[in-house]
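One structure below.
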Amino acid sequence: MTTPQFGSQRSDDDNWDIVSSVGYTALLVAGWRALHAVSPRPLVRDDYAKTFIAASGDPYLTGVLANPGTSEDELAFPRLYGAQTRFFDDFFDAAGAAGIRQAVIIAAGLDSRAYRLEWPPATTVFEVDLAKVLEFKARVLGEQGAVPKARRVEVAADLRADWSRPLEAAGFDVESPSAWSVEGLLPYLTDEAQHALFTRISGLSAPGSRIAIGALGSRLDHDQLHALEESHPGVDVSGNVDFSALTYEPQSDPAEWLAAHGWVVDPVRNTLDLQAGYGMTPPEVDVKIDGFMRSQYITAAR
């Protein structure tokens, strides 16, 4: 097994669109959501996901969606990301029920929650990501005639820089409680950038605010993923994406950071916990995947 070269395809000022580098991973996850939507008994249906794949023209993902698998192995990653999607959906639903009317989706990518969820009246959903990614999403959804179910505000910004000023300039109210999601981002940040991200979120979060985070206790090791595909032939993880080269070594624990900076952190769960909570019995392949990814699903409040 070769030593993974974490972050070897990254630089401090790298940029991307939806079909390159880190941007492609958002497209890949949209593909998994689309596959989950057509699987038996899906936890959530994101019917916009397949639209993004079609618009991208990506041959790998369009091919997979044209012939979706049905075995436990083939549905492994769609199943795991179905659970993750449901986790964040439930988080925002609960925040809205508690009276929070500002939602901030960090690294929004191809997230369609502004269009899918039933938001309370007067809710604003801020989507923060690179301009090229937001432009692709807006174009595709606009061509579909999709209408958001809340006031949707795009904030074009690099999350490694000071994105708090553009967010406030877009109308974010620092005096009102907010609900934050950080989904699928942390592996692509250095430890320093992760600290800066949470520091900015904390500085913008009024009392009553909430946060939900999806994190990994290990980085996505390309060799481990390849070995998984060999031991479970139906698993097709990545379309040959080298996640090791796009991600960084794990250092800080997000739950520990939040607890040390004024947040009350709920018990941390993993993907298997989420599945059990949704009445599912995780098959062997799911247990194996979470064994090396060491997923963390974190919620906290101020």
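From the backbone N, Cα and C atoms, a Cβ is placed for every residue, glycine too.
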Swiss-Prot S-adenosyl-L-methionine site partner of D158, L159, selected from D129, D173: D129
Where D129 (S-adenosyl-L-methionine binding site) sits in the secondary structure, as DSSP reduces it to three classes: strand
Binding-site residues listed as D129, D158, least Cβ neighbours within 10 Å: D158
Cα-Cα distance maximum in Å, computed over every pair in D129, D158, L159 that the record assigns to S-adenosyl-L-methionine: 7
